[in-house]
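Peer 1: Below is the structure I would like to discuss, written out as structure tokens.
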């Protein structure tokens, strides 16, 4: 996307830079996921209290960081898409009102969820406290921490709802765009329909979250699925949002192929005959030669004699 936008079009803009931040955040989430899985393995600690406490703290801490990163990634992806929509020239003011309104909803709601995720416990360090974690098994629940299940269920439902709205929003506009022909409109419609991949990923993740928050046993069964689909969802959004910008790459590739293999129309061009060799005169004298094409005339013409005027010079007419 950056190659096509910078080197081919020279039109890097704010949506591209926001998507770059989203990509960086999403890849950072993959690193956090690695440490979450790493600290899930407690088979080598032999239930030693100190080693087990270190494993629990590490796992809870990276889960807490990953949740914050996940909110930021999805917010940046949606904001980048909506910023691109705001640059689209449209005679319908309602289209831009919807875009700006959805952008405000995404940013404000994501910021609220981010703050709620940070202060899931008061102080926040209790979110990865080994003592608080173990007290939960004893039925002792701290009043400074709330159950995050409601937050993450709302987060998954919010992402699915906004994905559906964002990817459906430009479709009526493209169908009613009269400045381009019907074939081009259908091509753009097909490109933006790739967003169904992001919608499907959000729907599957919502289903996994609903299972994960059911009980402790379901958490054990679905933690891996939750981690996987939490990576698929933002990556699907980035890919779906970037494919429309790759059209200059395809045009360049097809143009290069056309240069290598000329079209059938090239055969209709008439082939010019080969150019005639220039006649170079011989450097030897050929005037007196018998075979010379420049032989002297056999009967040379006599020089012209002057003709007397019919009217005498000086006569007045």
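Keep in mind that glycine also has a Cβ here, set from the backbone N, Cα and C atoms.
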Peer 1: Select from 189-212, 261-284 the stretch of residues annotated by TrEMBL as transmembrane segment.
Peer 2: 189-212
Peer 1: Taking the transmembrane segment (60-86) as reference, which of 98-119, 156-177, 189-212, 232-250 has the most Cβ pairs under 8 angstroms?
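Peer 2: It is 98-119 that shares the most Cβ pairs under 8 Å with the transmembrane segment (60-86).
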